[in-house]
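Structure record follows, encoded as structure tokens.
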Amino acid sequence: MGVVLSYHSKLSNRAGMMRVLVLVITLLASAFASQLPTADNVEELVRTHAKHELTETETQEIHKVLNFLRTPKQNIEPLNDAFIDSSIDCLVCQSAFAAVFEGVRNGQTDKEVTDVIVNLCINLNIQSKHICDGAVSLNIPIITHIIRTTPEATPRSFCGHVLQNAHNPNFCRVTDPRFEWQINLPPPATPSNPPPVDTKPLKIAFITDAHIDPLYEAFGVAECGEPTCCRKGQSLPQSTVGRPAPAGYWGDYRNCDTPLWAYDDLIDRVAETHKDIDVVYYVGDTIDHFVWETTYELINDVNRHLIKKMRSSFGDDVLVIPTLGNHESQPTNQFAPSSVKGEYINTTWLYDALAEKWDHYLTEDAKVSMKDRGEFSILVRPGLRVISLNNNVAFTSNWWLAYDPLDAKRHLDWLVSELSKAERAGEKVHIITHVPPGARDLTFTWSREYNRIVNRFSATIAAEFNGHTHADQFKVYENSQGKPINVAWGGGSATTYTFYNLNYKIVEINPATYAPENIETYVYNLTEANLRPNVRPHWFKLYDMKNTYSLPDLSAESMNNLVRRMVTTDTHLLNIYAAFHFKLSDYRVPHCHMDCKLNQMCNIVTTVLWDSRRCEEIRRLHAQYSNRALN
């Protein structure tokens, strides 16, 4: 089902969604003949298609629509404002779910429901049969369970989140009132007995997004016609012209995950080069992108290898603090409330397994909360606490959102409780969590409420560390008075997926404030590494944040000033940031022009979904300064 609903990605970047909707209306008018179709007509047409009940004429019409969507068109004027708040991908999604709802209510088995959706997936040419089969079969047991047990759930409850748009809050908008909630924030507290300052230096290795593929095939097929390639057993599509370059030994810029030996080399390089590290933050996404064929056994094996390798390379005296990524679950992205115990649908199997694998690093209290919710809080040294937060529960592709929207709230309630205890104890806190704030992959309500928490506890939170995007980036929080208050640091990725160089970071922490004093980023060039498969890659320091950008410190105020400098007086730094954002990727850097660079600046200042005020200010500053320079 996850693949079925990724159909919207095929439609992204198509100019003018309204023209698409207008053509849908125009083409389907001939199918229904009597009147201009409504959204319900379109939904019924697609739903009927899923059940093999379309007439030949209707089948031809729906394929005309889908073929049109794959071809850019221009100058089609809007005819009907009724479609402004929707789109064809929203309708396809709702129609697929409507077919599932109907099947469940008619007493169909999970296999029968799966066959209907696989048929839709194949006949709409969304993916090949084995991918449709795998993805749908993995997800249907969860979806049908939610439909059977949750009367409030609707097709829009599912689709509105998975199709959430980063720029348009009305795109396939969710209207379910269950998703509107607020967390309670306590008044500030005065520390009763602040811990003594430890003057010993603190250095952290920051690693994220390994995406290890244990079946990676060096010199195999890197352009396989599937969403992810470079895996044993894959072959070139029949339509391939010529012979594409084979998969690289150390990884591949194309849609490929990380070879086991490339991950091992990264860990060994960190251990060999930075012998003075005290702590490792690993910020999730260990499992590969073959979401249609994940298994419990594969997930367990790869999670075990990841942490076992770290422990053997770093030694027992280096504390490793991990957090969960959205790829760790089975199926991918699915994180059920702890109250859900059913076989093949619960997530407690993952929490229990990781608590056992991470046992060496966890306190007894941390193990309890890890097994309950997949998150924990741990004291690194007197005065510094790390909170490993599971924000995958608010991931927009998590079907369980439609089952119990308040489960995500309970995780934030726990975060507030831990921050309150830290505040009373006079501790500083580092939060490590997989998905960064303001990302479209987190629900709006979560995004808004998390920002409220950061504002309330800005004096306690010394730093935040995220992964997920694979890009080297940071984000600056602002309070209601417009003052910069905190920074969330992105880790990049220990994978090349997609079109990145691998990297890791070394963070120097101020022992008095526990804020980052400097951050160094290390990479290797994949093109160069693959020219010498029998030689370990040449890792080098790409940059260090403080000196490269001429910063007095890494405070929120300094980072906010840097953003303004990059769009006004120091635009050469904008070019540097764009190159480092992609970690000098041979494939990405040449294609990032000014709009791409300004989007990166907007990404830095957007920490609440759909709040574009700071982004618009950045664009105005750049335009004003550019015009002044021209004059």
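Numbering starts at 1 and runs along the chain as it is shown here.
Heads up, the Cβ atoms here are built off N, Cα and C, so glycines get one too.
Feature annotation from TrEMBL assigns signal peptide to 1-33. The annotation domain 'Saposin B-type' is assigned in TrEMBL to 86-176. Look at TrEMBL and you will find Cys90-Cys172, Cys93-Cys159, Cys121-Cys132, Cys224-Cys229, Cys230-Cys256, Cys592-Cys596 tagged as disulfide bond. As annotated by TrEMBL, Zn(2+) 1 binding site applies to Asp209, His211, Asp285, His470. Summarising the annotation, TrEMBL assigns Zn(2+) 2 binding site to Asp285, Asn326, His434, His468.
Other residues of the chain with a Cβ within 8 Å of the Cβ centroid of Asp285, Asn326, His434, His468, the Zn(2+) 2 site, are Thr208, Asp209, Val283, Gly284, Leu324, Gly325, His327, Asn392, Val435, Gly467. Here the candidates are the recorded positions Cys121, Cys230, Cys256, Asp285, His470. The one whose C-alpha lies nearest to that of Cys90 (disulfide bond) is Cys121. Taking the C-alpha atom of Cys121 (disulfide bond) as reference, the shortest distance to any of the binding-site residues His211, Asn326, His468, His470 belongs to Asn326.
For Cys596 (disulfide bond), the spatially nearest entry among the binding-site residues Asp209, His211, His468 is His468, judged by CA separation. Same-chain residues at least 6 positions away in sequence with a Cβ under 8 Å from that of Cys592 (disulfide bond) are, in sequence order, Ala578, His581, Phe582, Gln600. Looking at the domain 'Saposin B-type' (86-176) alone, the prediction's average pLDDT is 86. Across the range of the domain 'Saposin B-type' (86-176), the DSSP-based residue counts are 61 helix, 0 strand, 30 coil. Cβ proximity to the Zn(2+) 1 site centre (mean Cβ of Asp209, His211, Asp285, His470, cutoff 8 Å) flags the following additional same-chain residues: Thr208, Ala210, Gly325, His327, Gly467, His468, Ser493, Ala494, Thr495, Tyr497. When the Cα atoms are compared, Cys93 (disulfide bond) and Asn326 (Zn(2+) 2 binding site) turn out to be 21 Å apart. When the alpha carbons of His211 (Zn(2+) 1 binding site) and Cys256 (disulfide bond) are compared, the span between them is 9 angstrom. Of all the disulfide-bonded residues listed here (Cys132, Cys224, Cys229, Cys256), Cys256 has the Cα closest to the Cα of His468 (Zn(2+) 2 binding site).
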